[in-house]
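If you look up TrEMBL, you'll see 9-61 marked as domain 'Myosin N-terminal SH3-like'. Annotation comment: TrEMBL describes Gly143, Glu144, Ser145, Gly146, Ala147, Gly148, Lys149, Thr150 as ATP binding site. According to TrEMBL, the region 'Actin-binding' annotation covers 617-639. Per TrEMBL, region 'Disordered' is recorded for 1060-1087, 1239-1259. Annotation comment: TrEMBL describes 1068-1085, 1245-1257 as compositional bias 'Polar residues'. Taken from TrEMBL, the feature domain 'Dilute' applies to 1486-1763.
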Amino acid sequence: RNRGERYSQNYTRVWIPDPDEVWRSAEIIKDYKEGDKSLQLKLEDETLYEYPIDLQGSELPFLRNPDILVGQNDLTALSYLHEPAVLHNLKVRFLESNHIYTYCGELVYLGIGDMDPHIFAVAEEAYKQMARDEKNQSIIVSGESGAGKTVSAKYAMRFFATVGGSASDTNIEAKVLASSPIMEAIGNAKTTRNDNSSRFGKYIQIGFDKRYHIIGANMRTYLLEKSRVVFQAEDERNYHIFYQLCASSSLPEFKDLGLTCAEDFFYTSQGGDTSIDGVDDADDFEKTRHAFTLLGVKESHQMTIFRIIAAILHLGNLEIQAERDGEACSVSSEDEHLSNFCVLLGVEHSQMQHWLCHRKLVTTAETYVKNMSLHQVVNARNALAKHIYAQLFNWIVQHINKALHTTVKQHSFIGVLDIYGFETFEVNSFEQFFSSTRGSAFSHLQHVFKLEQEEYMKEGIPWTLIDFYDNQPCIDLIEAKLGILDLLDEECKVPKGTDQNWAQKLYDRHAASQHFQKPRMSNTSFIVLHFADKVEYQSEGFLEKNRDTVYEEQINILKASKYQMVADLFQEEKDAGAAAAVGKGIPRISVRSARPAFKAANKEHRKTVGHQFRNSLHLLMETLNATTPHYVRCIKPNDEKLPFKFDPKRAVQQLRACGVLETIRISAAGFPSRWSYHDFFNRYRVLMNKRDLSKNDKKQICQTLLEDLIKDPDKFQFGRTKIFFRAGQVAYLEKLRADKFRAATIMIQKTVRGWLQRVKYQRLKRATLILQRHARGHLARRLAEHLRRTRAAIILQKQYRMLRIRRAFQRVRNATLTIQAFARGMFVRRIYHQLLEHKATILQKPVRGWLARARFRRLRAATGPRQLQALRIEAPRAALKKLNIGMENKVVQLQRKVDEQNKEYKLLNEQLSMLTSAHSSEVEKLKKELQQYQQSQRGDGNQLLSLQEEMERLRMELERAHGERAVMEDSHGKEKDLLRKRISDLEEENALLKQEKEELNSRILCQSEDEFAQNTVEENIQMKKELEEERSRYQNLVKEYSSLEQRYDNLRDEMTIIKQAPGHRRNPSNQSSLESDSNNPSICTSEIGDTEDVIQQVEEIGMEKAAMDMTLFLKLQKRVRELELERKKLQAQLEKKEQESKKSQARGIFPWILIVNIYFAYNSLKRQELESENKKLKNELNELRKAIADHATQNNSSNDIQDSYNLLLNQLKSANEELEVRKEEVLILRSQIMKAAQQKETGKNMESISPNASWPNSDRHVDQEDAIEAYQGVCETNRKTEDWGYLNEDGELGLAYQGLKQVARLLEAQLQDQRREHEEEMEALRNQVDLMQEELEKQQQAFLQTLQLSPEVQVEFGLQQEITRLTNENLVRGCLEKNEKKLKKQLKIYMKKVQDFEASQTTVPAERRPHERNMQVAVQRKEKDFQGMLEYYKEDEPLLIRNLITDLKPQAVSATVPCLPAYILYMCIRHADYINDDQKVHSLLTSTINGVKKVLKKHNDDFEMTSFWLANTCRLLHCLKQYSGDTGFMTQNTAKQNEHCLKNFDLTEYRQVLGHLSIQIYQQLIKIAEGILHPMIVSAVLENESIQGLSGVKPMGYRKYNSSMAEGDSSYSLDEMIRQLNTFHSIMCEQGLDPEIIQQVFKQLFYMINAVTLNNLLLRKDVCSWSTGMQLRFNISQLEEWLRGKNLQQSGAAQTLEPLIQAAQLLQLKKKTSEDAEAICSLCTALTTQQIVKILNLYTPVNEFEERVTVAFIRNIQKQLQERNDPPQLLLDFKHMFPVLFPFNPSSITMDSIHLPASLNLDFLIKV
């Protein structure tokens, strides 16, 4: 297509030059036509610009890439490859995305494009290519000073040290990293461009063995900038080591160095400021000394190094005094710095003083000593300082190489080259010339060309050679014969050679060279056209610096130093360059260059700096040419050392200098853009028609589309897996795609806008109709309201008028009624007065008669009593009483009657007086009324007038009263209303106050409750967290134990191989059984089990063979004990934390708990003493058995045997008596503790407990701490005696074995009973302590109450307390008597057992079955019903283990009861317990555990087998708990199951061992499942397209570069992963694994799915898009649905996916406004701040219509999340494992109901 077509469309964007920004973006606003002299452009700031076009050159501005390609992680993926595109891409990645790494073509084939670019990617590719291609690799780090070369090299070495860590314990990788601080201290300095600039080049070779582990390293250094030792430019510093030493000069060990601050020395103060911001020289010096120590540098050598460095500083401060006009000079002998210099280096003071100012001239005839001028002396002094430092530098490098050297043969190596690159300054001299020369030598264009060619050949693309810049002529100009360096060396040999003469020779020789120029205005400068840039060099100082002259006399003085190290520094070497490059004893790699190196022009000249440089450069180039190079180019963004500031001018300058643009030009000359067929189809399917899309062959569809769109077939090529495009073609396709989208967008916009207008019109129409309807309704309602109000007004007026008239009528009527009432009253009173006069006479007549009669009765009553009194006096009382008793009663009655009559008389008299007074008053009143009436009749006329006046007055008063009443009523009503209103307001206010009070109370209550609940929840969470941490640490210990066990197996195998070698004939030992025995504790606390195991070994393999590996076994057993002690400590800490809350509630019990703990300790001490006594008895029994056996062998007499048994019985009786004594002591101790508790004073704390107590077993008082310490000492003694070394080594055990076995069971039964009784006693004691605590509290309360009573009551209360105490003592004595009876009964039982044992010994037949040769007791049993026990013979145990464990397949028992092997093993254990055979139990459990371990080791990648044995191990553990006899585990047992409990043995310790084994099996199960799922996760969850159609909207700017692999080779779908999860679940369910364990397994697996997926999401920019978030959320919902379908939602697995869910939601949320930021911060609580910011930085728009996440938005997110205390790490640890918990799960199956299938071949088992 015509080039101008791309400029003929509007909206095309181009790049135009700019003096400030280098390149500036603009947009074409007018179509360009051929022949136009200018382009009409619009800049980004909306200003118009006319860009002129040169018609002759036909140069159009560079086109800008589409936005979809901006921010590419690989520069060669850009469609337009030119300088402005590269610069803009780097700027966008650096400033907007904060990405400092970008690929540049070479890494396009590394297969690491899925991740963001990083220095680790280059290191990983080098490591993989070394392992894959068996070829050495090199990483070349180049760039300006301060660009980051040294840090990048350190990162690469850190990667190799981590990935290729040494397999041995040499810690070589740490030494490799430790060399960095040393080399930085002695070789780095501050420059104007970098605070830590490397002033030397180094090439570090890291050696690897055949397994690609680091075995050693070697360092080569190149061209140290020695001139910096004596001169520093302004604002620069000398090497760091000088300032570090001065900063630490105050240390005591450095007092003799004579150092002060750095400003006092000339060599360290020329640059001005001697400090660096943010750098602590003293702290760095400590790191340097630590690195010296780590690399093995002795303290003496370190001090010598520091003395030499200090001496250099003193040398620079010498005061040189000029003499004879400067032709001679001298140094004062009193010069302090000269003295310090000589003392520090150990040289002669006078000689050094002399030869600093003189030189020796040697001729053929004689030798002259010549004075030197001041200038010559200063130069000589500086040359000496530079030479001393250079020699010290070389010595340190050699010593580092010695420390990194290894004797193991090196298989391959990776080299890391860190060398200062191309630099230009205003004045360029000797150092810049060699720096630029070395930078020109490391041309990488051939490497890029080779990579391009390999890619095209692999894809089958026709390849045409590309012409690229060749740097060889420039190198020849410098290094060839008669080149610049050769002429420099020649001029140095001339006696009168000068810099000007050398420059003139260069002009004469190389004036015609295209890479050499002479400046116009100078005769002492020359210009070299390097690959990077054109540089002008000043020839002044070249000869002096090249000679690097040091006078021999001064060197000879240093050789004679009294310090050996100083003298060794200046010994003659055959090849200084080789010595500096290769350390002593370091093997060199034999390499050969691709082209022969140039030979030196003259081999006889001295080793000038130029000669050394060429030799080292040729050696380095030989090494690099023999390796596969990998390039890292460091670009410095600005010169101000500021973070994330981009200077376009400096960036372009470095891009041109380091060859990035040339590399891109080579890539652009071919096919720089590459698309896989799948990605191309998904991206450009919009350009295809429907007919093409119906085809199934995507490759054919892509070919048809490109042939239609691009007419020039040379613009693209079809490869095997990719489509290759020329530069600009992808941009053209993007333009066509954008046009298609734009046309579709216009069509959509047209349709949508029309639809919107129609919707708007319809909405307006509906709104208008609604408004009209509402308006009309409003008018109608308003008219109706008017009519209603008019009618209401009329009604109101009518009613009001009626009321007013009615009220007037009522007032007239009331007045009329009032007048009538008064008139009628007057008339009635008149009639009454007339009647009163007539009726008075009628009333007087009866009253007067009544008064007369009353007077008569009163007189008669007064006469009667007097006569009666006279009669009473006359008649004698005695006669009356005797004659008539009733008479007295009658007299009494009469007396009473007289009294009543008197009372009645008085009453009547009073009434009469009252009537009389009333009558008189009434008569007076009537007389007065009569007079008034008579007077009134006279003035009736006057009275009528007065009445009328009275009526008027009354009417007026009435009206006034009515008015006042109305006013009063109104005021009263108003006041009443006001009061009511106020009352209502007050009531409302009161109600509000009450409500507020209730709310406040409830809030306070709720708040207190919430705070309490919150505190409780937090405490619970903290406790759970601590519990989980403790459990995790405990299980890590178990894991470490299993790894130690594995190491032991490996060591055992190696020992076996070594011992089977010629000269050491030895049979294989049964070491594995020893190991398993050492891992598992014995059944009982005594040493019987261990003794029998050793004796069994003695019998099987002999005493000599059993003792061979005993040393190794003891070491392993010691380690196992240490682990066991550590586990017990952790468990004790855990129990302590769990009981803290309980202790806080029962602080008052603490003193009693202390007493009980002391008692426990002492009781345990007594138990240990008893066990030691038992052990002594057992030894005596062994000796007795041995004597019996010897005697029986000699005489074979039954009488002697009977006597021996009698002796045995006597010893047993004595042991029982001793046991009885010990138990009595324990009981006495208990009683004393109870008495001490009763005598405890109230209100005292723990200090009130007496530290001294009387122990009954001793005559002295024993301190509590002493008792506990003694107990621990006894335990320690017992542990020591349990060591295998304690066993008798002279054969006594083998001889005593026969006798010991006969009585072992009796002693074991005795010890088991003793233990059981001890536990019962301890439990009873705990209960007694609780009771005593309750009793004490009661007594305290009673005591407090008693103090408030009277003394008499207190005495009575004291008597009651004394009675209670005596009763308690009687109860205690009763308990002691019961215990004594119980012990006596047990003694009788033991005696009976012994008698039975004696009887059974006499009935044993002489001939026994072969398999019973080891049994001394044969018990005949009667056949009974099956009781759930299985019996087997000892010889059948290996067969049982083999058939039931080793060779058993899970399919063989799939149709039976789940966990059948565990039930069978328990039934065998139960039978051994039933017959009380501890050896059989021990052997069976040990063999079972070893068998399971062997099976798991053999099938370490079989999920089904591992799950099968995890289920069986857990079931066996549950059975041992369920049938242990512990009530805590028997709550769900049936009565039948309780019959199947163990009777004799306590297998608690074996339960613990099985718990450890279960943890190991669980961890192996998780490891297998994770290994199967791990390859599926990323492909199934993150990449798989579960929702069809989303792939077309994925961001295509970041493509996978490993698409050359066959598509779908390693891809998995989500369905496949779910099917695998179904397989795991079905296997575990079928094999009967506990549901709780299944839940924990899937919780762990889902955590790994979350961690792996999220880590990939955080490292891959191509998946950080909206479509991926949608796809990811759908896939997670599928996993959650699977969890719900399997009823695993309570397992916590779904919660582990929460970070991944929030990451998916983050990809789908809007990311523009501050509200979006707040939503993101509130939503993403499971993600850390770093993870959120990383996802936002990696987020890529799905197309050009979506905006990118702005930097301001990301900073807003960081600001809102800055208060979070998130962990610093970015990635999740997908190897993290949650601690597993095995809950107790009893079985409902009884042992007698289990059937043994014939397929197991267990016919030798006998049902019991």
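Placement of Cβ uses the backbone N, Cα and C atoms for every residue, glycine included.
Fair warning: this is a prediction, and the values are worked out from it, not measured in the lab.
Features as recorded by TrEMBL, highlighted on the structure.
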{"residue": "Gly146", "record": "ATP binding site", "contacts (Cβ under 8 Å, 6+ apart)": "Thr191, Arg193, Asn194, Asp195, Ser197, Lys636, Lys641"}
{"residue": "Ala147", "record": "ATP binding site", "contacts (Cβ under 8 Å, 6+ apart)": "Cys634, Ile635, Lys636, Gln654"}
{"residue": "Gly148", "record": "ATP binding site", "contacts (Cβ under 8 Å, 6+ apart)": "Cys634, Lys636"}
{"residue": "Thr150", "record": "ATP binding site", "contacts (Cβ under 8 Å, 6+ apart)": "Glu184, Asn188, Asn196, Ser198, Asp418"}
Neighbour count (Cβ, 10 Å) for Gly143 (ATP binding site): 24
Which of Ser145, Lys149, all binding-site residues, has a Cβ with the fewest other Cβ atoms inside 10 Å: Ser145
Residues in the domain 'Myosin N-terminal SH3-like' (9-61) grouped by DSSP into helix, strand and remaining coil: 0 helix, 26 strand, 27 coil
Cβ packing number for Glu144 (ATP binding site), 10 Å threshold: 25
